[in-house]
Structure formats: C-alpha cells, structure tokens
Amino acid sequence: MVKVAVVGATGVVGSKLIEMLEHYEIKYDELVLFASKRSSGKEVSVGGQTYVIQELTEERAQEKFDYVVMSAGGSTSEKFAPLFEESGAIVIDNSSHWRMKEDVDLIVPEINKPKLKRKIIANPNCSTIQSVVALQPLQNKFGVKRVHYATYQSVSGSGEGGIRDLEEGANGAEPTTYPHPIYNNVLPHIDDFLDDGYTKEEKKMMDETKKILEDDSIEVTATCVRVPIITSHAVQMNVTLDKEATVDEVKKAFEGFPHIVVMDNPEKNEYPTPLDAANRSEIFVGRIRKDPTLLNTFHVWCVGDNLLKGAAQNTVQILKSLMDNNN
Ligand code: A2P
C-alpha cells in the first residue's frame, strides 16, 4: 500500500508535478493533493480520476505517507516537511529552504544519489539544475575550474504571480509580484538582495553548483535576470576548464551525456531558444565557442524548461529512483 501526497497541487509547478506522476508512471495506491485553505474543495483530474484538493494542516501532515512531493514555498516546507518526515515519509521538496542544510541531499539524478541522512531531499534551484547538467560532462572529461553564469529566466519561475504580472502588464496593469513592470522589460533582480549586492537567486546558483557537483574548489559567480517570457530559462555559461580542450571535444562531451541535446549550427541559425526547450525533458546547449580572453575557457548557451527539468520533472525523477530502489 503506497501512499503519495503532492503539496502545492494547485500551483504552476504543482500542476506539472501531477503531469509528471503520470508521465513517469508512478505507482501508488492512494494519492492526496494538498494546497492551502483557499483551494480546499477544488477538483483536479489525475489519470482520468477526479481528486478533491485538501487543506494541508499539521494534523494531516502527521498521517502516514510513504512519499511527499512539495512545491508550496519555503515557509510551508519549513513547517510541514519535518512533520511528514517524523511520520515516516520521504519528502522531496522544491523550495530553497532545505537545500543547503548539511544533512539534506540536493539531487539531480543524472549527477548524484541521495545518502538519506534525513528523509528530506531537496530539489535544486531551476537555473542551477539545467546548468549543472551541462557542467557535469565537462567536469567528467576536463575538470571545471570556474564558471560565470548570466541567466535569462522566465516569469513562470515566480509562480502564478509572475505570469499574471507579465500578462496583465501587457494591458497596462501595475505589477504585484515584481518591483517593476516585467512586460516589455528585463529585471536584473531575482529574489531578495543580500548585503554583498548579490541576490539570493545568484547565491543559490553559486552554492548549489558546488554542493551538487561535490566540488568546493569550483569558483562560481552569477548574475540572474528575469525576462518577459512564460516558460524556459536560458543560462549563458562562461566555463574555465582545468585542461586544454577544443570546441569539438567540448561538443562531444555534451553529446555523450544523458538528457543533453547539442543544437549548434550557426551557419543555419540553429541554436536553442526558450521555445525549443518548452515542454521538453532535455537540456539544450549551443553557441559553443572559445573565449579568447581567458585560458581554457568556453562560452556555452544552455536552455531548459524551468517547470520540467528545472522543477517537476527532476522532483519526480528523484521519486521514481527511490521507488525503483525500494522494489
Ligand atoms: P493555493 O493555490 O491554495 O494558494 P504558485 O507558486 O504557482 O503560486 O503555487 C504555490 C502553491 O503552494 C499553490 O498550490 C498554493 O496553494 C500552495 N500553498 C501556498 N501556501 C500553502 C500552505 N500554507 N499550505 C499548503 N499549500 C500552500
């Protein structure tokens, strides 16, 4: 008898989590869909069956679940993940709250495996997931010494509120999620500012990259930018390798790695765009070229669907690998 819960089932990522449960053919005997009190009683269809959204309360979090996937923000995860964990569930959480805790695994299944010191597993930041998938083959073949990320992130990364600011901004509405209009604009500001001038989103990319690649010696810096598109994040990566390599060798390293598609034919105007990556499970790379200003350094343009590999798909891949290992 396997009992699974989805927390945040009415959200942008939550609805993709439900799609991914079907896509990865996750087997359960009972599924419970939680959201806040606001959505309690709403109906959602999963695999042809109708489910009623339940309000998440402390009492419900102490029921016995086997697996809980959460995408309901940091404060909900902080409060409820330990309650589910204490009641015996394995929790896979999409918020940033648990990611950098020493005893919590931060997992991208193509790259690392959970050690399960605690029964909370964190799903990494969306831009970080696609970036580390692209970095891992370079780390394997050449070693990565340094990376500079510049991101171009879609508004669905901010949930319903981000999409609303873009869509209603087109009709002249004032923004309610962002501090400035996102329609017809770009904002070099994602998440709160820290004392050193970086944003929390930039710090997440810098810290999480090292944790997932299990290499504290990699130098990482980032600038994160919100752009007025609905789906997919793009990351311009400037990567310094430990060893000399040619552009062809770098392309070959990508081609041999799971879930990476090389799309790099400038003579035919072929390079990955957010529209190419939307609704696709793979990470796309292109514009691969040498940086003439730094030794052993390459530019790589990397695009992925932030709601799929950047969130729901990665979470359900983790769930599937745990379930497969338990069989
Ligand atoms: P609700 O729809 O009831 O507000 P998004 O990031 O797309 O805005 O989605 C956030 C998700 O997290 C929604 O499903 C939202 O439910 C859910 N959520 C927010 N606060 C809570 C809470 N305290 N308990 C459970 N779910 C929550």
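Placement of Cβ uses the backbone N, Cα and C atoms for every residue, glycine included.
In the record from TrEMBL, residues Thr10, Gly11, Val12, Val13, Arg38, Ser39, Ser156, Gly157 bind NADP(+); the candidate from Asn269, Asn279, Asn296, Asn306 listed for the same site is Asn306. Only Asn306, from the binding-site residues Thr10, Val12, Arg38, Arg99, Lys203, Asn306, place their Cα within 10 Å of the Cα belonging to Gln153 (substrate binding site). Residues from the binding-site residues list (Thr10, Val12, Arg38, Arg226) with a C-beta closer than 6 Å to any atom of ligand 1: Thr10, Val12, Arg38. According to DSSP, Arg226 (substrate binding site) is assigned to a strand segment. Note: Thr10 (NADP(+) binding site) has non-local neighbours Ala35, Ser39, Lys42, Val44, Ile53, i.e. same-chain residues 6+ apart with C-beta under 8 A of its own C-beta. A helical conformation is recorded for Arg38 (NADP(+) binding site) in the three-state DSSP classification. With all protein chains in the displayed structure included, the most crowded Cβ environment within 10 Å among the binding-site residues Gln153, Ser156, Asn306 is that of Asn306.
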